[in-house]
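Supplied in structure tokens, the structure appears directly below.
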């Protein structure tokens, strides 16, 4: 089983798209006719480039509004088609997608359509071309895959088959089980697209909002299983019209697309037919191993951790790297990289089988990262996430062997603490990519998403977590015109009042909370005035749900990073979302002040 | 009649919003409670700032889920409300918006709601506060403005009235005529928002997609007339939840908002109650007077116009400004400005009454532009559009007096030609602002909009034109991550084959069109092969509709500007939209080549 993608799913010019598809590991492409039309390269050049890149041109697409028309129109449509057959011969592809007539169909008569499809196939045969006929969801008279298949069957030509597109079938709520009744040999092509459940007209939904598999509301795994049971063994191809993917970097989006397809094939059990083989089993993390902050000068972060009560655990024996811990939370400061600005650069996760986790991520297209290790040092395996953040895996429950490489530090006492959650931020256009990577490669699951009003627009927030919520990674997506917000690590402590008071006595000034916040809090919730006074004095924020309470504060931002300190009381399950607007406004106000 | 705006409609912190509202000319604001909560400034500081800025705080909003609840909950709600009354006393506002209960309502009993609204009003009276009760479109039991009014009437308190919100009424398709049956004195507040017609749940539609008046599908003029007939004389206030306006520059968006409100008041005949008075009548342009290209060095543009067959009409007698013409098309090259890059900087329009056009635009908040004129020179009046493009007006049908200021040029012969259309481009987030300005200040009307696939995403295209289509201004909106495309002027010629051949013989290399385009054209349309050969030889593009043909070509881009040359045959009404993707791809391919 091979992978393919329609060029319309990607940004850039045709040759850039082809280069990116090859680099991402696709076996083939569907060339969108419109992409060829605007390219300076001739069909022969495109053919030769694809040959060099090892890409098969699986199909040219689409020919529209060909059938179900009066005789004069059909004669001209045959002329149109022959011109495209000539182009296909030059391009070196033998399959043409014909979509059911959505515009000019005048005849609601299966006999006419059957006859015209047959004539089209016969004309195609003269050029060695095959036709894949597809029911568009908004086709005028043919808009059900079962109807398209009946017409193909009736026309009965060896070079005429059907093309199935998950969007056109699932968007109309048609039962995909009927696919199993189609002769697998006559399914000439398979196009896969997911989509969110939206209430809008089919055409707009299809042309703007399709997603890669696993990112929407469709059951693509079930869909693909039906297609496999029918006996289809052709390419799994993505045709994803999406306003965002049309804009994002073509190499990155192609890798994202391939990841989605490999994931889907694995879910559907198509791996036995696939050159990619079975994916190693997913490894949901069982805890955070460490977080790494990288930057040219991290002395401010050292000071911050000192103020927060972290224990200094030593310097790496060979590298400009330091380790701090607070209970179970381990923070590595890495000054090896010459990045200007302190930032959250790597994440260590504890899993049952670290090797399998790394193998799985690499099978999903993530590049392994090089780690500067020497003899006797522990070699953690890791990969770069699509945005460059490094992910490392370590065995859960084993002694953390890499700690032995740090020297000259102190032993931690019986310190309570741990990483509550790690908040990663991205530009808006990387939302689906980030979620899919977290799902497929990191073994996290999406919780409900929310929108947080900030001074520069709505920030989209998507929590990713494990089923047991031991590992929680909220993703924040900045609105298009706003800078990407800083990332942060939230640390659990047993007694936030004490922790906050101690940090303050050590000179730490938290993110200041407006007095108005406490007036509003007092109005919203019937709290003990003394308790509110304590919160106000220490710049602490408060939230509660039915199960418990949440008290937290934020440190100042250093570079593109800050800490949050949280205390969860009872079974509070959230992240203090009602307080996020306060943080966003305060951080911006302070940035504006500092930049004056 | 005074203007107001809810602070949630704008980006930034509360004090920035207030500054921007004052600068845009608003008389008052509705302070969103959440904006106050995240502000460092105390209510007293906000009050004092508003006083200095001449802004009245018309209302604090909202108090949610107060009524229709059990006794225990209501007791706590009264406590909540009293805290907010205290804040209002500090803030110096006496009106609180209470939205109908959307979440916690348990009692579908008008008697209970009436009683609780009465108790709330009595509690408010102790603080000198008035309550405006509003039916949310998604209120659990109260979601119709007529129902809210019946409850207010039944509660019968002097400090209890209703608030009308056009979104909540029109989104549900409720007939606004019933507003006239409400006592105008008891309409305590009026919130205005437009919205596009979308099929989605009411809450998402309301929270993300509201628009300023005149930008959506609602009949706000008719709505406002009903409210005026009811006798309402309070503020016209905008409450526009919109993801884009939350991001755009607060000063610019506040001016945009005020423009929409003045336009609406004028449309609805509210001007007699308004300190803004009646707007001067709109002046739909009757032709283009000129287009001005500005830049530090425009010699390349001179050469281009020479190649295109323009006549050099002379240098300005005093300024580094040159004039060229091609038939009725006049292009001014202005090297007074020290902008680096050649760009389309100003547009001259011919109207019946130039003074009225300028007065109207200024009444709509556009700043007049200073023109460097001296004695004896013609003083064109003009304003800056929101994006800085200058718009000048001249009397139509009169001799063009400013031409006399140019010396040393040639007299044009009997030359055919004129400006076919002027294409302006903007970043995506300025779509509504650009359309509203063109509608309200320039007297243009929107045609249907389209989306053009480009290599960096979908470009949104919105044609603005006069009813007679003599003046056509397509607006192109770049996708969020892409650069704003260059602007262009399209020139009409009588015989494009001759024009193109002559320009080529003068050394002009047009934007090269891919050979594949002509293969596709041959497939799409049954054209004479000789004709297609001619098109191909000269890099000409072709389109047709039911009424005629369109042949055109593009010059290379100079800075942020280029020309298009078009020939319209018959009554072709479009702009060659099917060819726009070819242009976008070719321009990007050339930019990429040049930047290597």
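Note: Cβ is positioned from N, Cα and C throughout, glycine not excepted.
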Where TrEMBL shows B:134, B:165, B:239 binding divalent metal cation, which of B:191, B:197, B:258, B:267 is named for the same site?
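For divalent metal cation, TrEMBL names B:134, B:165, B:239; of B:191, B:197, B:258, B:267, the listed one is B:191.
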In TrEMBL, the Mg(2+) site includes B:488, B:564. Which of B:396, B:416, B:421 does it also list there?
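The candidate from B:396, B:416, B:421 that TrEMBL ties to Mg(2+) along with B:488, B:564 is B:421.
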Could you tell me the C-alpha distance between residue B:239 (divalent metal cation binding site) and residue B:421 (Mg(2+) binding site) in angstrom, no decimals?
36
Can you list the residues of the same chain, besides B:421, B:488, B:564, whose Cβ falls within 8 Å of the Mg(2+) site's Cβ centroid?
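Those within range, site residues removed, are B:420, B:422, B:423, B:474, B:489, B:490, B:491, B:563, B:566, B:575.
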Tell me the coarse DSSP state (helix, strand, coil) of residue B:421 (Mg(2+) binding site).
strand
Let me spell it out: for each of the binding-site residues (B:165, B:239, B:564), count the other Cβ atoms within 10 Å of that residue's Cβ, using every protein chain shown. Which one has the most?
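Sorting the candidates by Cβ neighbours within 10 Å, the top entry is B:239.
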Rounded to the nearest angstrom, how far is the Cα of residue B:421 (Mg(2+) binding site) from the Cα of residue B:165 (divalent metal cation binding site)?
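Counting only the Cα atoms, the answer is 39 Å.
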Are there residues of the same chain, six or more positions away from residue B:421 (Mg(2+) binding site), whose CB falls under 8 angstroms from its CB, and which are they?
B:472, B:473, B:474, B:489, B:490, B:575
What is the separation, in Å, between the Cα atoms of residue B:564 (Mg(2+) binding site) and residue B:191 (divalent metal cation binding site)?
45
DSSP secondary structure for residue B:165 (divalent metal cation binding site), reduced to helix/strand/coil, please.
strand
Residues other than B:134, B:165, B:191, B:239 within 8 Å, Cβ to Cβ centroid, of the divalent metal cation site?
B:6, B:97, B:163, B:164, B:166, B:167, B:168, B:189, B:190, B:192, B:193, B:237
